[in-house]
Amino acid sequence: MKKFDNLGLDNIKEIFHNLSYDELNAHEKVNNEGLSTDNDTFCVDTGIFTGRSPKDKYFVKQDPSSKYIAWGKVNQPITKELFDKLLTKAKQELSGKKIYVQDAFCGASLQSRKAVRFVTEIAWQAHFVKNMFIRPSQEELENFKADFIVYNACKCINEDYKQDGLNSEVFVIFNVEENIAVIGGTWYGGEMKKGIFSMMNYWLPLENKLSMHCSANVGEKGDVALFFGLSGTGKTTLSTDPKRKLIGDDEHGWDDEGVFNFEGGCYAKTINLDPEHEPEIYGAIKRNALLENVVLRADKSVDYADASKTENTRVSYPIEHIENHEPSLKAGHPKNIIFLSADAFGILPPVSKLSKEQAMYYFLSGYTAKVAGTERGITEPQATFSACFGEPFMPLHPTVYARLLGEKIEKYEVNVYLVNTGWSGGSYGVGKRMSIKATRACINAILDGSITKCEFENFEVFDLAIPKALEGVESTLLNPINTWSDKNAYTETRDKLAHMFVQNFKRYEDVKEGIEFSKFGPKI
């Protein structure tokens, strides 16, 4: 117990330190924390919070970190006094209890990883941490020194939130100087995952290393590909390839040795999960996996189509559950970077080659378009821009990440492409969704290098280089203007989308670099 004195908890009944999967499973059952499914996967309910609470996330405003953090709606400030008050409250909640302490690494690169200690009173949350982060060896555990501590007091709420000037009784707070995070009021496991991701996005760029919200895989010849894309763009599907090993599906770093996964597991959506279309994920759901907010049938089988608790049903599992993964969780420098956008306006080409400067522009834009249904059944695509394809998790000014990306693209001579997995031949409602076959053909041409031998032409207004012909893709598809029957509607929609890009980018022009990068977007 003595080695846990620095946690600041009183009268702890018992500490369960780095339990095995079997031990955690036994505790989950004894504590009545959930149910076992027909194939012995444990299943929990995260309560009223079935997703992250971005409006309840804060950073303590103090020097020196305050001069690096980009304060605003994403990174909200909180005072040191209020942090101390809520940390004390969280520690009181965890005191006098049996607690679980789970130690893990974030980052598969020895030079870049961080050692994180998680403290919770819930066995399944320790299980989630064990699944999602990198599991230290026995020797590493014996010499473990935490760089950062997360207190997860999910049962603790802040009743005084109104007088404290906060958004709700939930709080997720990061103190960079003290290397502590405290979570209260939400049971959602993803807060721990994305919380440490946010911290990696603070630490690494200040060490001149890039942190990225992307998936990564590696080919038989050691060629690495990164896939960036917002939800619904096909990132998981397209980075899963029988001929390539998965490095990771969500969070990566890029240091002077190459690309490395931050995590030791995957956190996959399970709504409408189908063994035929997503056999890898389906096959990964077995003992040691942890299901969240799914509905069980009477025979304890999972009804993946049931969204009665939430659309955001999830499963976490150790990456070893994916057969075709890269065991070291790292590889060399990328050969190709692919930005995925599901453009529901039907304007972006199926594939475009980007210059280094354009890559920085489209990385900062982080564009996709969602289809939003309205009450009267009229559907109008909604443009979504998320800086660096992961804005909610980026504490620094987005241009910091873009500059690092540009430097690495240049240094390691990386090819960058923009791939549209969205609509063609018209906007949503008129055009049709790009076939997965055509998209796969574009991805394959990028990965096998054949696209570099193509003849390219200019795609007007957006000033993108697009191939004139590509094996496996109808030539008419390659330039969107050829797929629209109504050319006036095409021109109008193209100009409208270009204008959205330009308007969105104005928010980066508060710094010199942003003004510089803005020159590489659409010309209107």
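Here the Cβ of each residue, glycine as well, is placed from N, Cα and C on the backbone.
Pulled from Swiss-Prot:
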- Arg52, Tyr188, Lys194, Arg314: substrate binding site (BINDING)
- Lys194, His213, Gly229, Leu230, Ser231, Gly232, Thr233, Gly234, Lys235, Thr236, Thr237, Glu278, Arg314, Thr439: ATP binding site (BINDING)
- Lys194, His213, Asp250: Mn(2+) binding site (BINDING)
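Everything Swiss-Prot records as a feature, shown here on the structure.
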residue : record                 : contacts (Cβ under 8 Å, 6+ apart)
Arg52   : substrate binding site : Tyr188, Gly190, Glu191, Lys194, Pro392
His213  : Mn(2+) binding site    : Phe197, Phe228, Asp250, Glu251, Cys388, Phe389, Gly390, Phe393
Gly229  : ATP binding site       : Cys214, Lys235, Phe339, Leu340, Ser341, Ala342, Thr368, Phe389, Thr421
Ser231  : ATP binding site       : Thr368
Thr233  : ATP binding site       : Leu340, Ser341, Ala342, Thr368, Thr421
Thr237  : ATP binding site       : Glu278, Ile436
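Within 8 Å of the centroid defined by the CB atoms of Arg52, Tyr188, Lys194, Arg314, the record's substrate site, lie the Cβ atoms of Gly51, Gly189, Gly190, Glu191, Lys193, Tyr267, Asn312, excluding the listed residues themselves. Note: the Mn(2+) site is recorded as Lys194, His213, Asp250; in the same chain, Lys193, Phe197, Glu251, Gly390, Phe393 also have Cβ atoms within 8 Å of that site's Cβ centroid. Across the residues the record lists as binding substrate (Arg52, Tyr188, Lys194, Arg314), the two Cα atoms farthest apart are 14 Å from each other.
In sequence order, Gly189, Gly190, Tyr267, Ala268, Lys269, Thr270, Leu291, Glu292, Asn293 are the residues near Arg314 (substrate binding site), counting only same-chain partners six or more apart with C-beta under 8 A.
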